[in-house]
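Q: Dumping the structure here so I can ask a few things about it.
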Amino acid sequence: MEDAEVVLEENDQAETVTYTAYKRRWAILVTVMLLNFSNAGMCFNLASVAYKAADYFEVTQYDITWFSQVYLILPVALSFVSTYIFNKFDMKVGIHIGSAFNCVGALTRAVATSGLIPDLRTQYVVSLIGQAAGATGQLFIAFIITKVTQNWFPDDERMIATSIMAFFPPLGISAAQVMAPIVVTKKQQIPTLNYIYGGLALLAELATLVCVTRSRPSTPPSRSAEHGTTVRAPYLQQLKETFTSPSFFGLLLMTGVLTGFFLCLTTLSQQMLCSKGYSDLFSGVVVAIFSTAGFVGSIAIAVVESRTKALTNIIKLANGFGVVFAIMMMEVYLVPGQYALLIISSILFGFFVCGVYPISLEMGVEITYPVEETISTTSIFVGGQILGVLMTYTANILSSDLPPELEDVEVCTKDITSDLQARDYSGVLMGLMVVLTFSVILFTVFFRTPYKRREAEQTTDMNATDKTASTCG
């Protein structure tokens with residue numbers, strides 16, 4: 001019902017306002033999900049075949065980690081450019097920019113390994129340039145989730161919609177982690193993997209052109225959507241309000257640590273597990289389980305939150321359980337042959353750590369309202385990117401030679417023709433356990449915050465005089 005209008009009825013001292021949720025919101029939601037699936041998958045689609053990719057390009061496995069690292073570094077450098085564009089030009093422009101960069105990046109990688117460039121070193125460099133274009137697109141794709149739900153979804157759908165959309169970046173990672181070892185059984189099949197992601201990015205670009213034709217519906221879906229943009233300060237003032245909030249800073253640190261840990265583990269799981277004898281495919285399945293369990297967790301946590309409204313307590317509990325099961329999983333990472341325990345611990349880890357992420361994004365909007373939604377979302381994600389880069393870099397630096405007892409167990413260098421060596425990450429995993437434990441204790445003890453957006457929605461109008469109803473059309 002795209003032609004619906006706001007209905008105003010004068011009733012003496014009060015007026016009843018009907019907000020309308022438009023059917024187009026579902027097309028936009030699906031488009032954003034497809035973009036995130038494509039973009040996040042391209043980020044990590046070489047991680048689970050790192051040794052084969054290194055053999056293909058004739059580089060080291062550390063050079064292959066740059067395909068993931070560039071996705072973590074560029075958003076740090078350019079994040080405020082994207083938030084400024086969203087603040088200045090709104091959602092439509094930002095999504096189209098992100099989709100275009102995503103498509104160009106994926107097609108560049110496909111062309112680089114198509115045979116048109118004979119030199120392997122040049123193929124590697126051009127592929128990395130394409131990856132950088134995709135990483136630039138991520139700035140506009142991954143951070144748009146809370147803005148889409150704020151602009152297009154009514155209050156009672158917002159948390160679930162955020163949970164669904166927030167699931168698709170890790171789903172894209174999961175699909176890449178499982179599909180890559182299936183597609184790339186030998187190094188010559190790296191181009192095939194790039195063709196698949198080039199086609200997926202092209203499909204996402206077509207969906208964006210068709211479905212994303214406006215930033216907002218003609219009438220708002222909720223009171224906070226109606227008033228959020230009218231009471232905003234200038235952009236620099238919004239940044240100041242966000243980064244001087246102690247509550248937001250605490251949320252940023254806790255969510256950033258968990259996001260950074262997830263990104264580090266996603267990048268290095270294959271290299272960590274192959275040294276203990278686990279295959280590329282099984283390593284990919286483990287990472288896929290993180291995200292699949294995370295989707296179930298995000299829906300379950302969102303439903304509990306929508307019924308209890310105990311947002312702070314739910315986030316603290318989920319973070320606490322997530323850290324406990326993360327430590328359990330890392331302990332299992334250290335032991336060869338524990339397939340069942342790895343799967344069980346991965347399910348529990350993903351359910352809580354990935355499951356709590358969407359409502360953490362919503363908490364960021366609650367704390368900073370009426371600041372532009374992408375500022376808090378981008379800040380949380382970029383905080384995770386920074387910590388992910390640091391954790392991954394530190395893990396590579398501190399990894400050690402395999403102990404003699406693992407030399408006959410490791411499968412990292414199986415079927416590899418170049419001179420690559422498997423590494424041991426046991427000390428790194430122990431250090432990560434300490435970081436997670438320290439972070440969750442501080443967050444649980446000290447985090448407190450008011451809910452600014454909910455307070456705005458609970459007022460009957462800006463002067464406490466309106467009665468509000470909501471409909472879907």
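Positions of Cβ are set from backbone N, Cα and C atoms, glycine also.
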Q: Checking feature assignment: transmembrane segment per TrEMBL, candidates 190-208, 380-398. Which range matches?
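A: Per TrEMBL, the stretch marked transmembrane segment is 380-398.
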Q: What stretch of 160-183, 314-333, 428-447 shows the most Cβ pairs under 8 Å to the transmembrane segment (281-302)?
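A: The listed stretch sharing the most Cβ pairs with the transmembrane segment (281-302) is 160-183.
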Q: Report, as numbers and ranges, which residues of the same chain sit near the transmembrane segment (380-398): CB under 8 Å and 6 or more residues beyond its ends.
A: 62, 65, 68-69, 71-73, 75-76, 79, 142-143, 251-253, 255-264, 267-268, 360-361, 364, 423, 425, 427-428, 431-432
Q: Sequence-remote contacts (6 or more beyond its ends) of the transmembrane segment (67-86), Cβ cut-off under 8 Å?
A: 43-44, 46-47, 53, 93-94, 97, 127-128, 131-132, 134-136, 138-140, 142-144, 147, 235, 239, 263, 266-267, 372, 374-375, 378-379, 381-382, 385-386, 388-389, 392-393
